[in-house]
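Take a look at the structure below.
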Amino acid sequence: MRHRPEIDGLRAFAVLPVILYHAGLGPFPGGYVGVDVFFVLSGFLITSLLAEDLERGRYSLAGFYERRARRLIPALALVLGATTLGALAILPPEQLQGYAASLLASALFYANVHFWLNSGYFAPGAEDLPLLHVWSLAVEEQFYLIFPPVLALLWRRGLPLARRVLWGAVLASLLLCLAGIADYPGATFFLLPSRAWELLAGSLLALHLHAAPRGGRALPASIGFGLILLSAMTFTEETPFPSHFTLVPVLGTVLVLRYAAPGQWVFRILTWRPFVLVGLVSYSAYLWHQPLLVLARAASYDPPGPWLRAGLVVLTLVLAAATWAFVEQPFRGRPARWLPGRTPILGASAAVLLLAAAAGISGIASAGWPRLWEATRPQAVVATHRLLSQRDQRAEDPFPGPCRFNLYPDEDARTPLADIVPRLRDCAARHGPGIAVLGDSHGSDLYRALLASSDRPFLVGLARGSCRFHDGKPGCPYDALAAFLRDSPDALGAIIFEQAAYPLLRSERFGASTRDIFTALAVDEPVPATRPVAARIGEPRDYLAALPGTARIIWFGPRPVHYIPDRFILAKGCDYPFRLRPGMLDPIRMLDAAIREAVAGTRIEYVSQLELMDLTLPGDLMDCGAIYWTDGDHFSAEGEIRFGRRFDLVNRLRL
């Protein structure tokens, strides 16, 4: 295949938005579409090479896989090895165990399946996964296993049939993608069946150009380039993806590949020497960027600032250039005499991957190499880590009974409230009106705190993580509870509602109502001006005030939070005099007052958690016997006991 320098430039416009997106730099909130550009490019280039080999009668499946091994595995092996050393030096055992699982998946090219089952590309915590980006390599490798032999079989029947079959495959994969994104977003994002159409779009173009000469046209090339930039600059994490929106970067890439030609402004941009150079090292740059950003974040108490992130982008490109020159290039085309032949290359490649896989299995089996980790840390750090690692263990209900239960004991629970209506009615008949706790994950905390502090026999948890009125999460019990109370108005004597504070706040600096209001700050950085959002307060207020039945309705106000990073706690130790950031409680105080004012004059009783907790650090964060929080805003098992007894809501409110 004749070298096309504009393709190198197009690679630059694929990899740079991805890197800058993950670094949080530049105008690319949709920079993740660079992966889709890579998919189309990969399908186009692989199919072009296969078509040439098939036409000239030199097609060899073993030869194809040898070239893929030479192209992909040396750089991947280097980055996996370096990342593993960095992870061992920086990450604690529980994160190392997760890293080991992703290392195994990366070495065996099923990383996309692993992250589908265990994470999500846009999920909270995804920015802490050093090998998350390898999912796209797994998709390509799985495509490479299937596509070449299928194309070879179709080629024997003629090019027209091959094109028709590929068109059918593109449409089937695209329809699967469109059908799955609403109900199965994780599988649709990560798995080959719903991504194959992007690679096959490049394959179809390659077969079309194989039979017909390529002619340049400025207008479609310009439109295509504009579509790529438009998607990278306007899509966000809220854009359903992959979906019909994915057609924008895919079609844009196809148009550029088909119509870009010398003399056009698009061609001149893509063949500008700096972009060509970045494109040449794009594979290594893609490999290096995520581990560097993640491990730098993990090594620091505070979120990396823009200058550090910019420096990491530069370091990514420097390492990519070195990897391209000293690792990638020597293995391509076997230009050096010292390189072995096909069989040793494939054998060595398999050995490298098996070694990485063995390391992954070892890390999983040992739960993150804890002995190695503890042997290299001071005893105070080891003791603090043990406290942190045990904080999610839940205590048994001290007063167990059939009517003390949680409808959503974990994030995966999906039992509809309608399924337990007979149980609720039976409990009311046996014990009288009960107490129900409603809300999001903070409500779940409160329910367990009530279990620890009250022996009331009819106490039910109806709170579920992320169940907030403005989020529209499916499976929340709000409508079903209202229906139940219409039919059984006396079954509950009290309904206590609590939800997290940050969704009801808006920061003048960060804008969005996310934990970034606090977590994006350094540990000693003052909290910028943050205000309550009246409309979001009004949604739960209106719902609670309109609930049928005779139950007392209690809004338990916003929780004082600390958001001190685990890394800082681990580094300083359990006896460190931790303190809140300056102004940390100011937004909570304003929200507390705003909710109190909003519910005045309604049937809702307001109870200030801010006042009852009276959060004081370091004592209310941890001591050397226990830690009272699982993260910056959720209670640990010890915290549920500590704060449940401090609140003593059942007795305080005479429920």
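Each Cβ is built from the backbone N, Cα and C atoms, and glycine gets one as well.
The domain 'Acyltransferase 3' annotation in TrEMBL covers 5-323.
The transmembrane segment annotation in TrEMBL covers 7-25 (among others). Long-range contacts of the transmembrane segment (7-25) within its own chain (CB-CB distance under 8 A, at least 6 residues past either end) are made by residues 31-35, 37-38, 41, 45, 127, 133, 225, 228-229, 232, 253, 256-257, 269-272, 275-276, 278-280, 282, 285-286, 289-290, 293, 306, 309-310, 312-313, 316.
As annotated by TrEMBL, transmembrane segment applies to 31-51 (among others).
Marked as transmembrane segment by TrEMBL: 72-91 (among others).
Summarising the annotation, TrEMBL assigns transmembrane segment to 97-117 (among others).
Sequence-remote contacts of a segment are chain residues at least 6 beyond its ends whose Cβ falls under 8 Å from one of its Cβ atoms, and for the transmembrane segment (165-182) they are 154, 188, 193-197, 200-201, 203-204, 207, 240-244, 246. Annotated transmembrane segment per TrEMBL: 165-182 (among others), in sequence order.
Tertiary neighbourhood of the transmembrane segment (241-261): same-chain residues 6-7, 10, 32-33, 36-37, 39-41, 44, 177-178, 181, 188-189, 194-195, 197-198, 201-202, 205, 209, 214-218, 220-221, 223-228, 230-232, 235, 267, 270, selected by CB-CB distance under 8 Å and a gap of 6+ residues from either end. The feature transmembrane segment is assigned by TrEMBL to 241-261 (among others).
Counting only same-chain residues 6+ beyond the ends of the transmembrane segment (270-288), those with a CB under 8 A from a CB of the stretch are 5-16, 18-19, 38, 71-72, 75-76, 79, 133, 225, 256, 260, 316-317, 319-321, 323-324, 327-328. Annotated transmembrane segment per TrEMBL: 270-288 (among others), in sequence order.
Summarising the annotation, TrEMBL assigns transmembrane segment to 308-327 (among others). Packing against the transmembrane segment (308-327) from elsewhere in the chain are residues 19-20, 23-25, 74-75, 78-79, 277-278, 280-285, 287-289, 292-293, 296: each is 6 or more residues past its ends and has a CB under 8 Å from a CB in it.
TrEMBL lists 348-369 (among others) with the feature transmembrane segment. Counting only same-chain residues 6+ beyond the ends of the transmembrane segment (348-369), those with a CB under 8 A from a CB of the stretch are 69, 73-74, 77, 80-81, 84, 88, 91-108, 340.
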Long-range environment of the transmembrane segment (31-51) - Cβ separation under 8 angstroms, sequence gap at least 6: 1, 7, 10-11, 13-22, 59, 64, 121, 136, 139-140, 143-144, 147-148, 151-152, 155, 195, 198-203, 205-207, 209-210, 228, 231-232, 235, 241-242, 246, 248-250, 252-254, 257, 286
